[in-house]
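In TrEMBL this protein carries:
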COMPBIAS  316-325  compositional bias 'Acidic residues'
DOMAIN    202-300  domain 'HTH araC/xylS-type'
REGION    301-325  region 'Disordered'
Amino acid sequence: MKALQLLDLSIGPDLHELTKHGTPVFPCAGYDEDPGKYLAGNIPWHWHEELEIILVTEGETCVLCGETEYRISAGDAIFVNSNVLHKLKRAVPDVPSRINSLVFQPELVSSFPQSIVQQRYIQPLMHSSALSEVLLSHTVPWQQEAIVYFEKAFAAFIGDEYGFEILVQVELMRMLHTILLNQQDRLAENDLVQNKDSVRIKQMLGFIHARYAEPLTVSQIAGASSISESECYRCFRKVLDTSPIDYLLQYRIRAAAGLLAGTDRSVSDICFATGFNSPSYFAKVFRQELQCSPRKYRVTRQTKHSSGQTFTKEDDTFEDADLEE
């Protein structure tokens, strides 16, 4: 099967990724991607029920899981558990990086519903806060073994030869067995109570995603999780390493980037539709986030879609023409 490069994610108000990975009869999808090719220059915050394994094949990629950021070099990988909030970006914005990943439903490696495999291993893994993510380094023997199993699974997936589904399933089960075998102590610390900050941040981000086009205050954002403004600031800083307002601005820019790439609406119309009340401020923030003007972004993105080439963040100067069409 073909490994895909997505340009954006379909995400619900609560950051739940809506993309269907694979099919009902084979719930597994493979991706060969550069996070920098996404609309806003990164794979945005999201979570999904599926398990995911990510191998960096070129350059360096930063993977943020909740409040922890991992800078992962080529040859290393990370396992991301079910329902874990995460984000991916290039370690250096202007330096390409590449990842191979498989995203798959736990049922694929559970043998069959209510099997001993599901009850003794997969369910405890999915509910383990201690194993929300597992970094895998090629310099650690057992971790390299897990990486090799993933590489075999990915090769089988893209090879698309007769029986590849069996090979993908077998190699993923071997990979998970290797991880669980070497993480038994951490798995024994299983905590069924989801991290409180993670729950709060999902609630507040869901509020922002649903109402980003409206004038919003920190007080309103905090109210989505019934906490104080100071607690809201602390939660955003701890989990996302940013402030509520900075995240709001970043999300508005991401929404604007999608409209610029996918519609023919004027730049000024998009400015007001995404919560900005000043075209000049919109252009300034857009440039800070994506290193180019809105008009330049639109032209380059549309060129990319027509030619199949990669968007590159070019340096250019702001002009009044960016606000008019």
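Every residue, even glycine, has its Cβ placed from backbone N, Cα and C.
Looking at the domain 'HTH araC/xylS-type' (202-300) alone, the prediction's average pLDDT is 92. Across the domain 'HTH araC/xylS-type' (202-300), DSSP helix (H, G, I), strand (E, B) and coil residues number 73 helix, 0 strand, 26 coil.
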